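Only one structure is covered here, and it is reproduced in the block below.
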Amino acid sequence: QIDPKDYTFSGLKDEIVGRLPGKVAGQQFVIQDCENCKIYIFDHSATITIDDCVNCQIFLGPIKGSVFFRDCKDCKCVVACQQFRTRDCRKLEVFLCCATQPIIESSTGMKFGCFQYYYPELALQFKDAGLSIFNNTWSNIHDFTPVSGENNWGLLPETAVVQDYVPLPSSEELKAVRISTDAAKSIIPITRGQRQKNSDESCLAVFFAGDYTTANARKLIDEMTSKGFQLVQTKEVLMKAEDAHRVFQQSASEFIPLLEKGPVVALEFNGDGAVEQCQSTINEVFSGTKVFVSESKASASQDVDNFYNFADMQMG
């Protein structure tokens, strides 16, 4: 028998509370009327509602459905979810991983950054919540109630460090979770999202489903970012033959047989010389693996547009 009290934090003040990995196990969770608290849910859940919280610091592990903040103010959060919504909120700062377009309504002073967090159980919790680490539209915010001449939301500084916003838990129980907020260790690849690109040259790389797709994609991200290129966006999505023709154009036929194995993982890198560097890295590091990579600087921006237009339609 499930006791709702085990899945609720209510009416707390000046406390440090949380749930360890395995303790929520896909249930719904409610957080309400908390003030000046540090709250950590180190597990996956079904949905989470957060109402009337003030000056709280909150970490929420992967949420299979939606997270909904209502009437909250001055909170700092790290959140991974399928859907993200706020209503009547003021001054929330959120490091976000969200599979769909985040929505704010009647909310002001909202700031967003890319989710960055690691602990050993987190990868499996993402799987259990049905979330892909490559589907993160953290910066593509939809403001349901825009006010002309005003901006209700913006992006956190690129230099923002998670621990300055949501510190690691200091209670004995929660210290057992082996956390790293080092961006290089983050379970979610750090993307530029909607920030201004540094260069007019981007490159698209697409990995096809197999045993090492995630590891290969991460390896290419590490190789490219260590050379100063920036990861703009990532996507994991199923493709059909007709999609392949649209995206891969004349080289579609060699990739179509690979689509039946499962979703593809696409990466967009940006920087002068991105195409050449991406090609040579793929030839050196992934010689036995079939990877689609843009052929030239001229075709690359079209590749990126073709793929992400298709992916947005799929996800939409």
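Including glycine, each Cβ sits where the backbone N, Cα and C put it.
A TrEMBL annotation is a machine prediction, not a hand-curated record.
Taken from TrEMBL, the feature GTP binding site covers GLY65, SER66, GLN82, GLN83, PHE84, ARG85.
What TrEMBL lists as domain 'C-CAP/cofactor C-like' is 1-146.
The Cβ of GLN82 (GTP binding site) lies under 8 Å from the Cβ of ILE63, LYS64, GLY65, SER66, CYS98, ALA99, THR100, ALA129, GLY130, LEU131, each on the same chain and at least six residues away in sequence. Residue counts for the domain 'C-CAP/cofactor C-like' (1-146) by DSSP state, with H, G and I taken as helix and E and B as strand, are 11 helix, 73 strand, 62 coil. The average pLDDT computed for the domain 'C-CAP/cofactor C-like' (1-146) is 97.
The record assigns GLY65, SER66, GLN82, GLN83, PHE84, ARG85 to the GTP binding site, and the maximum Cα to Cα distance across that set is 11 Å. The Cβ centroid of GLY65, SER66, GLN82, GLN83, PHE84, ARG85 marks the GTP site; residues of that chain outside this set whose Cβ lies within 8 Å of it are THR47, ILE63, VAL67, PHE68, CYS81, CYS98, THR100, given in sequence order.
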